[in-house]
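Undergrad: Before I ask anything, here is the structure I am working with.
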Amino acid sequence: MTGTPVRLDLSSPSRGPRGKPPKHFVDLTPEQRVAAVTELGEQPFRAKQLATHYFTHLTSDPQAMTDLPKATRDKLAAELFPRLITASRTLTADRGTTVKTLWHLFDGAKVESVLMRYPNRSTLCISSQAGCGLACAFCATGQLGLTRNLSTAEIVEQVRAAARSLADGEVPGGPGRLNNVVFMGMGEPLANYKSVMETVRRLVAPTPDGLGMSARNVTVSTVGLVPAMDKLAKEGIPVTLALSLHAPDDELRSELVPVNTRWSVDEALDSARRYFDATGRRVSIEYALIRDVNDHAWRADLLGEKLNARGRGWVHCNPIPLNPVPGSRWTASDPAVEREFVARLRAHGVPTTVRDTRGSEIDGACGQLAAEEDE
Ligand code: SAH
């Protein structure tokens, strides 16, 4: 590895020259929705009707809103449901049960989301930023740099689209429901804190104010932005927190995850433990296993020790075989080395599950999202 300096970009790009996406119904709180429809000269109860269409029926198409007079629904939809994301390409794998969608945003920025359907559940991986400013050495998104933060509605629209597609039976397995949402697509969710937190509120609010999901089925994954993790712990919404650790020692982690120079392994783990104390939710530790880079048995031992030093039963480890990233010299660990790494963690009493690499053949797996138009 080289010592090339990496510039971290934790700024707020939505104030940049590209401008903000148009305001959308979903950006508004239930109270603001009522104010918005009344400002447009409509009765307050129209807000609830719109919310029911959006969050219960998963549509923003005025044609479908037949309980509103035509002129009313056309006006309200035009004003409050601007088109924010447009699918420009979908790729499928696993007989159609893994679907990666490339979305174009209003200003030409691009993001991806990945829907994974399993026999008894479905998970959507969503993007919270176009690109990412954290520059993790082994992540395709990290090589792009940050374009901008997504708005709440731009993020929620990814979820609505997937939930609708499942409900409509577009994914093999019959009509289904979306069970889990993970902020593991493009971007660092905690670097776009406000929109991500508002998104979480929309996901967990009971229908028709929101999608009515359970907080535990929403996972926020972070590179370890400690102040934001601590803030999240105080929100009173016990989402699952995942910490992308990838090394138990600062020397290596600072090379793999440059933000480690700002918040160290110990600081990130202490914050993760505080998250467990505040929410009772077991934290996931993500660890991409990179051949001969971070997969040594001694590192598994050190990780186990560091986790146990902070108590038992508060954490769970997710090693992920490294997914290939174009231009990278790194590959996944040897299977025998991976087995040994897992065995060592378990020997320390750390519950450990190897993450599957669903979608890797369509570059839809962890760390592979780069919003390429042609592949
Ligand atoms: N920025 C957040 C959200 C992205 S989540 C975060 O880092 O947590 C994507 C997950 O996949 C993170 O755990 C990330 O570290 C991991 N990842 C990135 N590149 C990967 C790769 N090439 N192979 C496997 N996992 C990778």
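Placement of Cβ uses the backbone N, Cα and C atoms for every residue, glycine included.
Those TrEMBL annotations? Automatic predictions, nothing curated.
Copied straight from TrEMBL:
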ACT_SITE  E112  active site, proton acceptor
ACT_SITE  C366  active site, S-methylcysteine intermediate
BINDING   C132, C136, C139  [4Fe-4S] cluster binding site
BINDING   G187, E188, S221, S244, L245, H246, N323  S-adenosyl-L-methionine binding site
DOMAIN    118-360  domain 'Radical SAM core'
REGION    1-25  region 'Disordered'
Undergrad: Around the [4Fe-4S] cluster site recorded as C132, C136, C139, what other same-chain residues have a C-beta within 8 angstroms of the site's C-beta center?
TA: L134, A135, F138, A140, T141, G142, Q143, E188, V223, G367
Undergrad: Spatial neighbours of C366 (active site, S-methylcysteine intermediate) among the recorded positions E112, C132, S244, L245, H246, N323, defined as Cα within 10 A: which are they?
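TA: Among E112, C132, S244, L245, H246, N323, the ones whose Cα sits within 10 Å of that of C366 (active site, S-methylcysteine intermediate) are N323.
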Undergrad: Give me the long-range Cβ neighbours of S221 (S-adenosyl-L-methionine binding site): same chain, 6+ apart, Cβ under 8 Å, in sequence order.
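TA: Listed in sequence order: V182, F183, M184, P189, L241, A242, L243, S244, S284, E286.
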Undergrad: Can you tell me how far the Cα of C136 ([4Fe-4S] cluster binding site) sits from the Cα of H246 (S-adenosyl-L-methionine binding site), in Å?
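TA: Here the two Cα atoms lie 10 Å apart.
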Undergrad: Looking at Cβ-Cβ distances, which residues of the chain lie under 8 angstroms from E188 (S-adenosyl-L-methionine binding site) while being 6 or more apart from it?
TA: S128, Q129, C132, G133, L134, T222, V223, L225
Undergrad: If one looks at the chain holding C139 ([4Fe-4S] cluster binding site), which residues at least 6 apart in sequence have a CB under 8 angstroms from its CB?
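TA: Those within reach of C139 ([4Fe-4S] cluster binding site), by Cβ under 8 Å and sequence separation of 6 or more, are C132, V325, G367.
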Undergrad: Among all the protein chains here, how many other CB atoms are within 10 A of the CB of C136 ([4Fe-4S] cluster binding site)?
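TA: Counting Cβ neighbours of C136 ([4Fe-4S] cluster binding site) within 10 Å gives 23.
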Undergrad: Counting only residues 6+ away in sequence within the same chain, which have a CB under 8 Å from the CB of N323 (S-adenosyl-L-methionine binding site)?
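TA: A288, A332, T357, S360, A365, C366, G367, Q368 - these are the non-local Cβ neighbours of N323 (S-adenosyl-L-methionine binding site), listed in sequence order.
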Undergrad: Cα-Cα, whole number of Å: E112 (active site, proton acceptor) versus G187 (S-adenosyl-L-methionine binding site)?
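TA: About 10 Å separates the two Cα atoms.
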Undergrad: Using other CB atoms within 10 angstroms as the count, which residue among the binding-site residues C132, G187 scores least?
TA: C132
Undergrad: Grab the S-adenosyl-L-methionine binding residues from the record (G187, E188, S221, S244, L245, H246, N323) and give me their largest CA-CA distance in Å.
TA: 18
Undergrad: Across the whole of the domain 'Radical SAM core' (118-360), what does the mean pLDDT come to? Round it, please.
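TA: Within the domain 'Radical SAM core' (118-360), the model's average pLDDT equals 97.
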